[in-house]
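Per Swiss-Prot, the features are as follows:
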TRANSMEM  12-32  transmembrane segment
TRANSMEM  67-87  transmembrane segment
TRANSMEM  93-113  transmembrane segment
ACT_SITE  Asp123  active site
TRANSMEM  137-157  transmembrane segment
ACT_SITE  Asp141  active site
Amino acid sequence: MPLTWKDSGLRWYWVVVLVFLADQLSKQWVLANFDLFESVKLLPFFNFTYVRNYGAAFSFLSEAGGWQRWLFTLVAVGFSTLLTVWLRKQSASLWKLNLAYTLVIGGALGNLIDRLMHGFVVDFIDFYWGKSHYPAFNIADSAIFIGAVLIIWDSFFNSKSEQDKTEEVK
């Protein structure tokens with residue numbers, strides 16, 4: 001029997017909305033208050049620094065000439081659709097997977113909007129040690145990372161009762 005939205009992982013879709021709004025509001029704040037490459041030191045190891053990312057994680061393919069914008073758009077739409085279908089098919093009680101999928105979807109959609117509106121992703125979270133800087137990122141990237149970690153965690157530490165719930169839904 002198909003699950004209703006209340007019984008399925010779709011019940012967790014509020015996380016998508018929360019991540020998306022936090023990401024977009026933070027990026028709009030950066031765009032309104034920072035010039036490109038402007039930096040504000042917040043802690044001895046942490047800045048807000050406005051940079052543009054034309055690629056993916058760690059600026060992967062950022063110098064590819066523009067076609068990557070559409071590749072990453074297709075990837076974001078594809079993964080968001082796939083994870084939404086999976087949410088629809090699994091029990092709302094599988095909190096780790098539901099939270100993981102919704103974090104990834106919210107992050108993917110946040111970066112997708114940037115790519116479509118600006119042609120780049122707004123990054124601004126800048127951790128560093130001495131003169132070594134970790135690549136700048138944003139709230140969407142953080143959500144995707146945390147979601148991926150939860151998916152991996154769940155795959156290694158999924159309890160027998162949670163596996164049974166997943167099997168019942170299939």
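Each Cβ is built from the backbone N, Cα and C atoms, and glycine gets one as well.
Long-range contacts of the transmembrane segment (12-32) within its own chain (CB-CB distance under 8 A, at least 6 residues past either end) are made by residues 48, 50, 87, 92, 95, 98-99, 101-103, 105-107, 109-111, 113-114, 122, 124, 138-140, 143. The list of residues near the transmembrane segment (137-157) in space but at least 6 beyond its ends in sequence, with Cβ under 8 angstroms from a Cβ of it, reads 19, 22-23, 26-27, 57, 96-97, 99-104, 106-111, 121-125.
Separating the Cα atoms of Asp123 (active site) and Asp141 (active site) is a whole-number distance of 9 Å. For Asp141 (active site), the number of other Cβ atoms no farther than 10 Å from its own Cβ, over all displayed protein chains, is 21. DSSP gives Asp141 (active site) a helix state. Counting every protein chain shown, the Cβ of Asp123 (active site) has 22 other Cβ atoms within 10 Å.
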